[in-house]
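Let me begin by presenting the structure, written as structure tokens, before commenting on it.
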Amino acid sequence: MTQRTLVLLKPDAVRRSQVGEIVRRIEAKGYALVALELRTATPELLAEHYAEHEGKPFYQPLVDFMLSGPLVAIVLEGERSIEGFRSLAGTTDPTGAAPGTIRGDLGRDWGLAVQQNLVHGSDSEESAAREIGIWFPNL
Ligand code: DAT
Ligand code: MG
């Protein structure tokens, strides 16, 4: 089942010069890059993107972090790429993320910077379609 998924390399990934390393892992896994762009998010874009988290205590810090610098927006394509990319990414909290994963190998302890976990990946076919529409309306 070929799927497309929306991946964001968050501002911490760009700031820490981990874009090449993360894209290398995506390509090594065999996923195709359908779109890839250095972008600066806007509050409007993020309100849509993170609509499911609105009202949670970490929502505003998350949005502020996502606005703190450029990020890389990517659409990947590949066999079961939604689950596959999330497996490459590792669990949300980098400290607990398994070694071998992006967050496990490259992520730092959350400490006070709780939302800095390098990457976002869509979590279902519905979210992938919705999020690709938000970031790449022309695809
Ligand atoms: P994921 O990015 O693994 O899909 P999510 O969708 O639950 O995780 O949350 C979106 C982002 O919000 C996540 O990457 C980091 C931040 N976040 C999630 N849970 C958090 C928490 N309990 N405290 C602080 N930030 C959190
Ligand atoms: Mg999520």
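The backbone N, Cα and C atoms fix where each Cβ goes, glycine too.
Taken from TrEMBL, the feature domain 'Nucleoside diphosphate kinase-like' applies to 2-139.
Note: R86 (ATP binding site) has non-local neighbours G121, D123, i.e. same-chain residues 6+ apart with C-beta under 8 A of its own C-beta. According to TrEMBL, the feature ATP binding site maps to K10, F58, R86, T92, R103, N117.
Long-range C-beta contacts of H120 (active site, pros-phosphohistidine intermediate), restricted to its own chain and to partners at least six residues apart, with a cutoff below 8 Å, comprise L6, V7, L8, K10. The feature active site, pros-phosphohistidine intermediate is assigned by TrEMBL to H120.
Around the Cβ of T92 (ATP binding site), the same chain contributes R103, N117, each under 8 angstroms and 6 or more positions distant in sequence.
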